[in-house]
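**Q** As annotated in TrEMBL:
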DOMAIN    4-100  domain 'CoA-binding'
BINDING   Thr17, Gly18, Tyr19, Gln20, Lys43, Ile96, Thr97, Glu98  CoA binding site
BINDING   Tyr159  substrate binding site
ACT_SITE  His247  active site, tele-phosphohistidine intermediate
Amino acid sequence: MSILINKDTRVLVQGITGYQGEFHTARMLEFGTQVVAGVTPGKGGIRVHGVPVFETVAEAIPPTSATAACIFVPARFAKDAALEAIEAELDPVVVITEGLPVHDVLQIVEFARRQNVHLIGPNCPGLTVPGQCKIGIMPNHLFMPGPVGVISRSGTLTYEIVAALTRQGIGQSTALGLGGDPVVGISFTDALRMFQNDPQTAAMILIGEIGGSAEEEAARFISAHVTKPVVGYIAGRTAPPGKRMGHAGAVISGTEGTAGSKIEALQAAGVKVATLAGEVAALVRGVV
């Protein structure tokens, strides 16, 4: 089993005719994802890698039965694209695009909440269910099916840790990249809840980083509601305060958002926290 998507998910790609949209549509198709439609205003009627392109989401859904959206639209148009997908009740809506203004993201997140649609991102790598479906930009070759759910704020750390798991023969149920911006859709807590309720997920990996309070909130949720083992890793132990490190959300303000505060909170919740990313797979091996 998996969370959010599976082999039956039918994906619509917004921005399919752009370089990134076209490239990653090909990779999703190679993975086995059912990419059934693309949307680019002004390009309706053409095909990209055999996928029909439509003018609007509303036009695309009836003939293709699309159920989920992946957005590669440039930042200045991404809000409208996301609202269009959410209004059509596609679920999940995965926003790969980075550089969205915070106010745009707040509007998207609130509309998704009202529509009861799972929003992933923005500025995220998407999600992958090994052997079934991939929405986004995660490398195809890293994954193998298995019992470990992966939740991360960092795309590249996800890839590094998943690759290490696969090398050790530890498969993944779903790998989910939340996004690195200060405001995103699905949170650590949301993902932990879904993995806790997934009978095929035996353990979870939480990959966090400096900035914000998402990991501390996750620790409180783990203490109260999670019975499955959780392994953690927090990037940014040596990051200087006040300097953004890679992601818009990766900045320490005062004593909040430090790696130390996150590690302390997770350990207090019973999470086994790795000192180095390379140690995560060994810790997981000890609990599954």
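Indices start at 1 and increase along the chain as displayed.
Quick reminder: no glycine exception, Cβ is built from N, Cα and C everywhere.
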**Q** Give me the CA-CA distance between Thr17 (CoA binding site) and Tyr159 (substrate binding site), in Å, as a whole number.
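**A** Each residue's Cα considered, Thr17 (CoA binding site) and Tyr159 (substrate binding site) end up 26 Å apart.
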**Q** I'm trying to understand the geometry here, so how far is the Cα atom of Gln20 (CoA binding site) from the Cα atom of the residue listed as 'substrate binding site', in Å to the nearest whole number?
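**A** It is 19 Å, counting Cα to Cα.
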**Q** Expressed to the nearest Å, what is the distance separating Lys43 (CoA binding site) and Tyr159 (substrate binding site) at their Cα atoms?
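**A** About 34 Å separates the two Cα atoms.
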**Q** Using DSSP, how many residues in the domain 'CoA-binding' (4-100) fall into helix, strand and coil?
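**A** With helix first, then strand, then coil, the domain 'CoA-binding' (4-100) has 34 helix, 24 strand, 39 coil.
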**Q** If H, G and I count as helix, E and B as strand, and all else as coil, what does DSSP give for Tyr159 (substrate binding site)?
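**A** DSSP call for Tyr159 (substrate binding site): helix.
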**Q** Would you work out the biggest C-alpha to C-alpha distance among Thr17, Gly18, Tyr19, Gln20, Lys43, Ile96, Thr97, Glu98, the residues that bind CoA according to the record, and give it in angstrom as a whole number?
**A** 23
